[in-house]
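As given in TrEMBL:
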type	residues	note
TRANSMEM	38-65	transmembrane segment
TRANSMEM	86-115	transmembrane segment
TRANSMEM	197-221	transmembrane segment
TRANSMEM	233-253	transmembrane segment
TRANSMEM	273-295	transmembrane segment
TRANSMEM	315-332	transmembrane segment
TRANSMEM	405-427	transmembrane segment
TRANSMEM	442-465	transmembrane segment
TRANSMEM	472-490	transmembrane segment
REGION	663-782	region 'Disordered'
COMPBIAS	728-740	compositional bias 'Low complexity'
Amino acid sequence: MTTGLSGLTTATCDSCQATSRQVVRGCLARCWWGAQGWILAIGVGICTSLAGALIEFGVAHLSSVRFGYCSGNPLASYRGCSDDRWVFWGTGFVGFVANIGLGTCMAFASAFLVYRFAPAASGSGIPEVKTILNGFVMPDVVSLRTLLVKIPGLMLSVAAGMSLGKEGPLVHVAVCIAQQLSSIFPQFQNEAKRREMFSAAAAAGVSTAFGAPLGGVLFSLEEVSSFFPSRTLIRAFTAAMAAAIVLSVLNTNSNTKGLTLFSVEYSTAVHPIEYIGFALLGVAGGVIGAAFNALNVRWSAFRMRPAFRKRVHPLVEVTLIAVVTLLTSWPLRLTRQLSADSIHAMFESCDKGSGKQLRGYFGLCTAEDAYAPASRELLQSLALAALVRLLQTILTFGTACPAGLFVPSLFTGACIGRFMGVVLQAANQGHALFPRDVEPGVYSMVGAAAVLGGVCRVTISLVAIMLELTGGMTYIVPFMIAVLIAKTVGDSLNEGIYDLYIVLKGYPFLQEELDVTFTERCCDIMETGLTKLDVCRRPSPADLRWMLQTYSFRGFPVVSGERFIGYIKRQRLEDLLDRLEGRNCGASDAVRLDELLPFTDVTVLRMVPDASLAQAHKVFKQLGCKYIFLVGSRGAATQDVLHGILSKKNFLRFLKSGRVGHMADHPSSAPRNWAANSATPGDGEGRLRTRSLVTRMLGRSRRQRASSSTSFLAESLRSWGRGRPEALESPEASPEASPEGSEDEEMANGTGRAEDSVHKNGPSDLVLSVTSPTRSGGQGRP
């Protein structure tokens, strides 16, 4: 009896210990699952700041080589070498030739790296990041190869003295880092979760570029991200904070020896009458920004023409632009140095402490008295520097090298603002206009914000960035006035530069909700005639294998008769076939529904075909999905019938066609019995007004491209109708269906293909490659 009780007690203890271990293991697993997001956000912030410090170190040393070397330490930069040891290449013609020759070689090396190894590393990368965060996958843009080329390419292009900046590309670098780190964590294999981390990475990139963590979070929210829930906000805040902490430890800012990039010390309050001058700077910034956007996009569209590419190689183009930039920058002291140094100088005051340096090195001050009248030469120098830098940036931005436009825009605006400040300072001698002295540096800061706002059309985040850049909390209201007016004036003329480049490169991007009413419903533009995997027809493994070999699409809808079950991805279907072959199933044995269901996603997003397009717009925008399955009834007895799908790309084509109505119209006025009557498509009253210069400029070439693509696909799809098993139900193919090979998915710069997102769980798991659909063409009946 004692032995039996002892054995029972031992078994009970073992069971309790096993249960305790399971509980502890489960708690640890939950903690690890919840901590992955925070660990990844901190890791992205740290790695981004390290990459930014490396780029800053490389730019400082390579740019110094253009002017000379340090005799005691050849690897030291100009700022890290004492004046008595720094040796210039020459003060006359020799120094001029050395500067141009070395700068041109650096620019060529940067373009060669991009052109040869990673074309996706060209440009700023922000239009591509916006497109990815809008719900499309562009694997080449965020690949490891792109990251490894972007960093040295950015060092070389900035150090070469070209009119570009490193701030915008750092956002691209941060997203590439997030892509590489997220592959380590199982939770972030899902594309929807990965996009959340991309938004946080964008905040870390701006925090690293400007030393502005709060501005980085707001920039990711306002400009880059399409969907920004509170969870993403906290992770973006964490990533930006981590980047700022590492930057402050590394102390990479050689100008101020702190986190603030352009630290200034102004305590003079602004007189209310000066708000008029700040408003005028806002108007000037909006006009200049709109002019820059229009001219740069026209030039980029011209360089993208095949005839231009045949005559001018991208490497030759970058080399010529570098030579022109260096030649035109050498005569002016403001443009000869790196733009960041000149911007910091223009933000300063001509007081007795810094007036000597500004007077001798940059020529911004004319006398020991900080408020002495300015000379005509100073005004001419500021105006000429602004014009030269603006024209240089128009030629440079969009070439085959990493290039940002934040710093060139800030430089142009700083020159214009300093010009106005100097003029008002001269007019206010003896306090004739204002009761206080005028500080040209304050106008320079406001002008820089105005031009950047006119180019990029950001408001709240730009004000926060400028406050963190300068530390000038006293001038928050002037910043707000100038930025808001610049955006308003610029929006009345054209779109922001990043939106224009998205249209120019043909990226699939869904903008914010429009101030219009849709006159058609989902059923009017849906795709029908889908190739479906019908389990009622008992397909065999050989039939499924034939389907995978015949169609190169990424998945198929699964039905049972007319009832819609879900969607199976191509990879999952291959996994199913591998499992069946492992069981030694015969090639003619039918695949059962219970075998197919574990590999089928039954949680895909569904809407009724009668749903309004306004509702579909919200779903596409907020969930980042690519396809909506339109499921309804057919008669009283048949439910859950798949009538068709609505893809984001077809929705974008619909928006571009302009078939929308006035706000006075309402979709409820259209016929509702869509299954019994043919819906009348909208008559197009109040066509969608597109202010974008690029849309008007490129509309004809797109139609020609789409027509040629349609003809080619039509010929290809005609051969698909013979020799297919009966288990695969597929009507005649339509040239509209080209999910894998359509030209709309081809990246305009040859960097890859915009593929549909692949999510593992949740309602946004809507990746569908549809074979042979037929557009309803305005018909209400599928």
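Just so you know, glycine gets a Cβ as well, placed from its N, Cα and C.
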Do any residues, 6 or more residues outside the transmembrane segment (86-115), come within under 8 Å Cβ-to-Cβ of it, and if so which ones?
62, 65-71, 78, 121-122, 149, 152-157, 159-162, 314-315, 318-319, 321-323, 326-327, 330, 399-402
Segment proximity, the transmembrane segment (315-332) to the transmembrane segment (405-427), 3 or more C-beta pairs under 8 Å:
no
Kindly say whether the transmembrane segment (472-490) and the transmembrane segment (315-332) touch, using the definition of 3 or more Cβ pairs under 8 Å where each pair is 6 or more positions apart.
no
For the transmembrane segment (273-295), which recorded stretch in the set 197-221, 233-253, 315-332, 442-465 gives the largest number of Cβ pairs separated by under 8 Å?
442-465
Long-range environment of the transmembrane segment (442-465) - Cβ separation under 8 angstroms, sequence gap at least 6:
206, 210, 212, 214-216, 218-219, 221-223, 262, 264, 266, 268, 270, 277-278, 281-282, 284-290, 292-293, 343, 346-347, 405-406, 409-418, 420-421, 424, 472, 475-476, 478-480, 482-487, 489-491, 495-499
Interface present between the transmembrane segment (38-65) and the transmembrane segment (233-253) (three or more C-beta pairs under 8 A):
yes
Cβ-Cβ under 8 Å with the transmembrane segment (38-65): same-chain residues at least 6 beyond its ends:
75-80, 102, 106, 151-152, 154-156, 158-159, 161, 166, 170, 173-174, 177-178, 181-182, 185, 188, 197, 200-201, 204-205, 207-209, 235-236, 238-244, 246-247, 250, 252, 254, 338
